[in-house]
């Protein structure tokens, strides 16, 4: 037998009217059996151990007439209250902590219901030595397991006494197991106002406290009056320290005694008083108290308004009057935050009030977020860095964050990740960089050019994407070299060689055709069909400058017709192609996609070591099931020397490497486009994928309460067009630089510069220099020839007197038709006569039929020419017309080999011209034979 049972038996022997017990569930069963057997009214007040929440005792109720036990304290409604609160918060995963003194079977009903709803619930018992327990967690868990445990602690329910709850909160906060984004629920009927303030002071994040409360009269003067009696002010005043320290079970004991006093008074008034029962419970044949049923009915029908409110009993013998108060704080990291009443709960009306954090959904005024970032143009850049003042930042991501802060009302503090990295998993399972700051709860959110990847989502949460992401390549545009002979660019060197050979070949063919079939020369013609003239004529017709050699034969004309058609096509093609070359520069770089980049090895390429792009290429490149071989080729280049050869530590280093070296940088396309747009020299161009497979997002701690509200606001910014406005601010559509051209090209047509025609001027200058050199060489050669005695072969002095007599003799002697001149010819060009009058045109002085003897005189200063043709049939000489009889002047004669030389006779030569009778000769030409002088 227990001590409580023996004590109750001793009291019955002395005589009692009712039994009041405030014990635990273990002894309550034996007292219930004793009271039912002795018919003694039993008022049971369940007491928990050291303030631990109660568990249902599970007292068996037999026949209503044989049940003499009344439960003064209401049933344990923790299961119902917790289920309602968790459902209101929409939790799907949480952990329940309970202390040693709590009977976990008390929430078995709750566990069954949440399991049916698909919630993931874990249970953990809190040892008495909390510090040892936390230290053991760090010692036994790996980094990955510890991170998962931290994620579990974000949502937790504490079922323990206030003292243990305070110690537990202090340990988990100091060991950085929880952060401000956690949300914990502490439920206990025995939590005083002092305990509430202390729990709030020691916690971070959001805290919800559920405790039993008792209604207090609104009229202060009536708080201590209960019916016809007055209660001590130390008990009824809620601000009194003594009342604050009282346990709820003691309050129920006070009200129970008050209830019994009213019942006894009622019995006396009704004159139905029964003598006290003096019973012996040890004897087997002991009879129960006869007045027990009457006394029990009087107690049940009675009621009292005490310290715990209305104390009355239902038909089942339980007290139905219970109220729970739900208190809560907002999210934040400030200790000692204020707490407010969120709602209340009772078994009749259920939850009264809303548990939604209005500050979180409508605005976050008063919340200060710690933001970690990585500098990356144009997402995050330092706009102002004044010594002694916080740095100011700007960029596309900062604009998005500012839009969220303006709408939600929160404030933020930005700092750069210590290692200036986005973050990657380490060998021990931890993370570095920006992601590591979030994992270790040192930052609330992370924002930059941060892409959403599956690996990162395992350790942090992301908002919805606020910008699409794709991989791009930054390359340097091909430098526009100064090509002095750009005019030759329309044709290939081999084509130019063919054209030059064709000119020589056609010139040679024309000469041969004329040599085989000499053409008929027009009277007074100054040209001859030499090889030199043929070449010159073919070249002149090719460059559309005409020629001077007459071609009268059919074969030659067919040849020249084909040549002119060939020249027309070549010159037209050259002109059209030259215009294209001078206005639009040909694309010299063949890299126009990631596939082109992966196929070539001349330009090395890489990315930021251990970045998301690096991991993306590595995973796809090492995947044997990847269909596209592009990634495997890229991975071989990027992973040279274990990644140290072609990769960089920061994106800025990669951009500088592209600008000043032979290198291609693989990185975020948005970042590269911004760099190419804002380059002062427009020396970059970008290529990449057009399909966005990922996006940029805002990273938050795992399970952060801000994820949903941030995502909702981002969707609103995208829907109303504000996000596009922010994008155009940093990526304008109209830019002075062409992002996709691999060479420097002008956006608008402009004047051609001197560089485009430098080759033409060089060719002209070379021709001038060459002509001057040849002129000097000819002058030297002529002087050298004139300084020595002429030989018979290379220099012949023409005696014009002898020539005159010879011509006269030919004309006056035998005029037989069988006598004719030799077909050999002597050209006298030029013949300078300084005494001739000035004339501007070629003058024909006299013609001599059939002889084809032509005398041509040139006056270089006046460009004057005299032509005379002597006829072989003239009987009495030839007439000079109106020319004076004697002309003297210096002569310059042509040698038989075609060269010019000055006559060695230094004196003036006089040529007497004797007029001859006119013989009525027919001025004409005989193409059959003749000698030209």
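Each residue, glycine too, has its Cβ placed from N, Cα and C.
TrEMBL: automatically predicted annotations, no manual curation.
Annotated in TrEMBL:
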type: BINDING; residues: 451, 456, 668; note: L-glutamate binding site
type: DISULFID; residues: 9-281; note: disulfide bond
type: DISULFID; residues: 682-737; note: disulfide bond
type: DOMAIN; residues: 368-733; note: domain 'Ionotropic glutamate receptor C-terminal'
type: DOMAIN; residues: 378-440; note: domain 'Ionotropic glutamate receptor L-glutamate and glycine-binding'
type: REGION; residues: 912-933; note: region 'Disordered'
type: SIGNAL; residues: 1-18; note: signal peptide
type: SITE; residues: 591; note: site 'Crucial to convey clamshell closure to channel opening'
type: SITE; residues: 618; note: site 'Interaction with the cone snail toxin Con-ikot-ikot'
type: TRANSMEM; residues: 493-513; note: transmembrane segment
type: TRANSMEM; residues: 525-542; note: transmembrane segment
type: TRANSMEM; residues: 562-584; note: transmembrane segment
type: TRANSMEM; residues: 757-781; note: transmembrane segment
Quick one: of the recorded positions 451, 591, 682, which has its CA closest to the CA of residue 281 (disulfide bond)?
451
Using C-alpha positions only, work out which of the recorded positions 9, 591, 618, 737 is nearest to residue 451 (L-glutamate binding site).
618
What is the number of residues in the domain 'Ionotropic glutamate receptor L-glutamate and glycine-binding' (378-440) that are helix, strand and coil, as DSSP sees it?
20 helix, 16 strand, 27 coil
Counting every protein chain present, what is the number of Cβ atoms, excluding its own, within 10 Å of the Cβ of residue 281 (disulfide bond)?
19
What is the total of other Cβ atoms whose distance to the Cβ of residue 451 (L-glutamate binding site) is within 10 Å?
22
Between the Cα atoms of residue 668 (L-glutamate binding site) and residue 682 (disulfide bond), find the distance and write it as a whole number of Å.
19
Residue 591 (site 'Crucial to convey clamshell closure to channel opening') and residue 737 (disulfide bond), distance between Cα atoms, whole Å:
18
So for residue 9 (disulfide bond), how many other CB atoms are inside 10 Å of its CB?
16
Out of the recorded positions 9, 456, 591, 618, give me the one sitting nearest to residue 682 (disulfide bond) by CA distance.
591
Just jot down the residues in the same chain as residue 456 (L-glutamate binding site), at least 6 apart in sequence, with C-beta under 8 A of its C-beta; none if empty.
423, 435, 462, 612, 699
Given the L-glutamate binding site residues 451, 456, 668 in the record, what is the largest Cα to Cα distance, rounded to whole Å?
17
